[in-house]
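What TrEMBL says about this protein:
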- 6-122: domain 'MTTase N-terminal' (DOMAIN)
- Cys15, Cys51, Cys85: [4Fe-4S] cluster 1 binding site (BINDING)
- 165-396: domain 'Radical SAM core' (DOMAIN)
- Cys179, Cys183, Cys186: [4Fe-4S] cluster 2 binding site (BINDING)
- 398-467: domain 'TRAM' (DOMAIN)
Amino acid sequence: MSVPTRSVALVTLGCTRNDVDSEELAGRLSAEGWTLVDDAAEADVAVVNTCGFIEQAKKDSIDAILEANDLREHGRTQKVVAVGCLAERYGKELADELPEADAVLGFDSYADMSSHLRAVLDGHAPEAHTPGDRRRLLPISPVERDASELSVPGHGAGDLPRARLDDKPWAPLKIASGCDRRCAFCAIPAFRGAFVSRRPSDVVAEGRWLATQGVRELFLVSENSTSYGKDLGDLDLLEQVLPELTTIEGIERVRVSYLQPAEIRPGLLRAMASTEGVVPWYDISFQHASGPLLRRMRRFGDTDSFLGLIEGIRERQPEAGIRSNVIVGFPGETEEDVAELERFLVGARLDVVGVFGYSDEDGTEGELLTDKIDPDVIATRVDRLTRLVEELTAQRAEERIGQVVEVLVEDVDEESGEVSGRAAHQGPDVDGVTLLTGALEGVEIGAFVAAEVVGTEGIDLVAEVLA
Ligand code: SF4
């Protein structure tokens, strides 16, 4: 007698690193006989892959769990399981406060997710874990790393299945997980753990597989790509892996995310600029520009060193897209610090800047600082910086009018006829898009189209397809 298949839906919140984890969980579950469905209402189990990054992300994750819980009344859904960063970070505490979730499972459960879900369906929910500080895994020398069982959350060693949960022509490809830095505002290292690189052979193998699935652009993700290889005893490993990825048949673009300014090496910048297929796109996590404030944040650099870095990139690649995030309202931030950040932003002419207001994160050094900034002052500074950034990034987009861009088509709206995609300097999801005009017949998702920029809408470009 055949065992009836059980169905599962993955609801993913947060960043592209979570997207990869969901696709890998989907691959494992599918290999174990689960039927994957898109709609949580059609699934026996809804697995909500949560984000635990900032307050709003936590709230969105909890809302998604509550929504999945509501499906029990109307849909097929019998069980709701929380995984991901929020689950890892709060474990038992989350389980106690959120009885709507039948189970709360941390990263260590990923390797055996199928049996956990079967147990949950059979009414035997595994105990939620008590979160520990995953930084205790430090330090990992290359020798220890070789002998250790450590794996990247969502990725074990070797050849693991991954199932695609969308049909976009780009896909995130995780190269590492965790972070060894100690930024005072950030809780990521405490729950993502020490920095662990995936082996180049695994990364390249997954890149090849993604190419067979129609992916044209690989988006390399991690918490800190500049550290790639250090735990494998080779700090130049990213420079060596990039040419291997760009020569995979079907892959036209490789995009490297999250560069840590303190760790950017001239050799890496040279390799990124000179490896054909690596897009001229630099995602540099500046966070602030005032030297004294950066030191309080436990970070390096200042306005002048950052401007020098940007100048070096633009000398080689004037068309490069450069994006960053900044935090305002960190404890002790003065008006002078804010003015210094403005000086940097005006000088840097970045393509995209995310402005975030500081909020205390559990278990961080920032939480313990006493000279907190009033929330109203933080909101005012966020507003002020956001307005400045909107003006500067719109100007930067306008500077591209007249340039020819290569657009990866990502969206073709049959009804409106609108076709859009991303130029090389535009990263996925948050960097704006390029709206194509002109001869659009036969243009399909996944195609590369050359177009001349004829206008802008904020950071979005409008470009006319070239004959
Ligand atoms: S480098 Fe990034 S992930 Fe690591 S502690 Fe700093 S902000 Fe957090």
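Backbone N, Cα and C atoms are what each Cβ position is placed from, and that goes for glycine too.
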Count of other CB atoms lying within 10 Å of the CB belonging to Cys179 ([4Fe-4S] cluster 2 binding site): 22
Proximal but sequence-remote residues of the same chain as Cys85 ([4Fe-4S] cluster 1 binding site) (Cβ under 8 Å, at least 6 apart): Gly14, Asn18, Thr50, Cys51, Gly52, Phe53, Phe191, Arg192
Binding-site residues whose CB lies under 6 angstroms from ligand 1, from Cys15, Cys179, Cys183, Cys186: Cys179, Cys183, Cys186
Other same-chain residues whose Cβ falls within 8 Å of the Cβ centroid of Cys15, Cys51, Cys85, the recorded [4Fe-4S] cluster 1 site, in sequence order: Leu13, Gly14, Arg17, Asn18, Thr50, Gly52, Phe53, Ala57, Gly84, Leu86
The domain 'TRAM' (398-467) - residue tally per DSSP class, helix then strand then coil: 1 helix, 33 strand, 36 coil
Mean per-residue pLDDT computed across the domain 'Radical SAM core' (165-396): 96
Length of the line joining the Cα atoms of Cys15 ([4Fe-4S] cluster 1 binding site) and Cys186 ([4Fe-4S] cluster 2 binding site), in Å: 16
Protein Cβ atoms within 10 Å of Cys15 ([4Fe-4S] cluster 1 binding site), excluding its own: 19
Structural state of Cys85 ([4Fe-4S] cluster 1 binding site), classified by DSSP into three states: helix
Cβ-Cβ distance under 8 Å to Cys183 ([4Fe-4S] cluster 2 binding site), same chain, at least six residues away: Gln287, Met297, Arg298, Arg299
Cβ neighbours of Cys186 ([4Fe-4S] cluster 2 binding site) where a neighbour is any other Cβ within 10 Å: 22
Extra residues within 8 Å (Cβ to Cβ centroid of Cys179, Cys183, Cys186), [4Fe-4S] cluster 2: Arg181, Arg182, Phe185, Ala187, Ile188, Pro189, Glu223
